[in-house]
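Engineer: One structure coming up, written as structure tokens, with questions to follow.
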Amino acid sequence: MEVYAFIEVPKGSNVKYEYEDGKLKVDRILYGAMFYPYNYGFIPETLEEDGDPLDVLVITEEPLVPGSYIKVKPIGVLVTEDEKGVDRKIIAVPVKKVDPIYGEIEDISELKEGIKLKIKHFFERYKELEPGKFVKVKEFLGKEEAEKIIKQAQENYKKQ
């Protein structure tokens with residue numbers, strides 16, 4: 001499966017941007033000394049149970065420009081729970097034509113353990129200093145589950 005990801009936050013940023021009404025706006029500057037370990041955004045034309053598009057974390061060596069689209073393939077999903085309920089984040093890599101290194105990865109099980117630890121650590125801590133907010137990391141799931149979640153979110157989008 002290949003989909004496009006819309007990048008809101010570049011790798012290495014501590015500024016949380018959100019795309020709203022056709023514009024990229026600053027949502028907030030992260031409260032703690034944290035920065036996004038990889039590029040973060042959403043998969044267009046998807047809808048999660050929380051009413052937002054499906055979140056995606058795109059693993060690359062380089063930060064991508066906010067507002068850009070990149071063709072990716074899902075390799076897994078990070079399941080978290082926050083103050084609003086279950087929050088799933090698709091973990092994706094660019095397709096091989098775009099990134100010949102990460103493009104070879106097919107499943108989250110192929111990611112180096114250090115990459116998964118970095119992702120887990122970030123999402124466990126990035127809301128820690130924000131009043132009334134929290135995140136609990138539940139588990140990583142593989143490519144098949146990620147693809148099921150994307151297909152369901154695409155169906156949800158079509159039904160709205």
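Numbering starts at 1 and runs along the chain as it is shown here.
Just so it is clear, glycine is given a Cβ too, placed from its N, Cα and C backbone atoms.
According to Swiss-Prot, the protein carries these features:
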BINDING   LYS16, ARG28, TYR40, TYR126  substrate binding site
BINDING   ASP50, ASP55, ASP87  Mg(2+) 1 binding site
BINDING   ASP55  Mg(2+) 2 binding site
Engineer: Take the C-alpha atoms of ASP55 (Mg(2+) 1 binding site) and TYR40 (substrate binding site) and report the distance between them in angstrom, rounded.
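Structural biologist: That comes out at 7 Å between the alpha carbons.
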Engineer: Fewest neighbouring Cβ atoms within 10 Å: which of the binding-site residues TYR40, TYR126?
Structural biologist: TYR126
Engineer: State the Cα to Cα distance, in Å, between ASP50 (Mg(2+) 1 binding site) and TYR126 (substrate binding site), rounded to an integer.
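Structural biologist: ASP50 (Mg(2+) 1 binding site) to TYR126 (substrate binding site), Cα-Cα distance: 20 Å.
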Engineer: Quick one: what's DSSP say for ASP87 (Mg(2+) 1 binding site), helix, strand or coil?
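Structural biologist: Reduced to three states, the DSSP call for ASP87 (Mg(2+) 1 binding site) is strand.
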Engineer: In whole Å, note down how far the CA of ASP87 (Mg(2+) 1 binding site) lies from the CA of TYR40 (substrate binding site).
Structural biologist: 14
Engineer: What are the non-local neighbours of ARG28 (substrate binding site), defined as same-chain residues 6+ apart in sequence with CB under 8 A from its CB?
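Structural biologist: Residues satisfying the criterion: VAL15, LYS16.
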Engineer: Within 10 Å of the Cβ of ASP50 (Mg(2+) 1 binding site), how many other Cβ atoms can you find? Include all protein chains, please.
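Structural biologist: Its Cβ shell of radius 10 Å holds 14 other Cβ atoms.
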Engineer: Report, in whole Å, the straight Cα-to-Cα distance of ASP87 (Mg(2+) 1 binding site) from TYR126 (substrate binding site).
Structural biologist: 14
Engineer: Are there any residues in the same chain, six or more apart in sequence, whose C-beta is under 8 angstroms from the C-beta of ASP87 (Mg(2+) 1 binding site), and if so which?
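Structural biologist: Spatial neighbours, sequence-distant, of ASP87 (Mg(2+) 1 binding site): ASP50, ASP55, VAL79, THR80, GLU81, VAL135.
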Engineer: Using the Cβ centroid of ASP50, ASP55, ASP87 as the reference point for the Mg(2+) 1 site, which residues of the same chain not in that list have Cβ within 8 Å?
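Structural biologist: Here the nearby residues are GLU48, ASP52, LEU54, THR80, ASP82, LYS84, VAL86, ARG88, LYS89.
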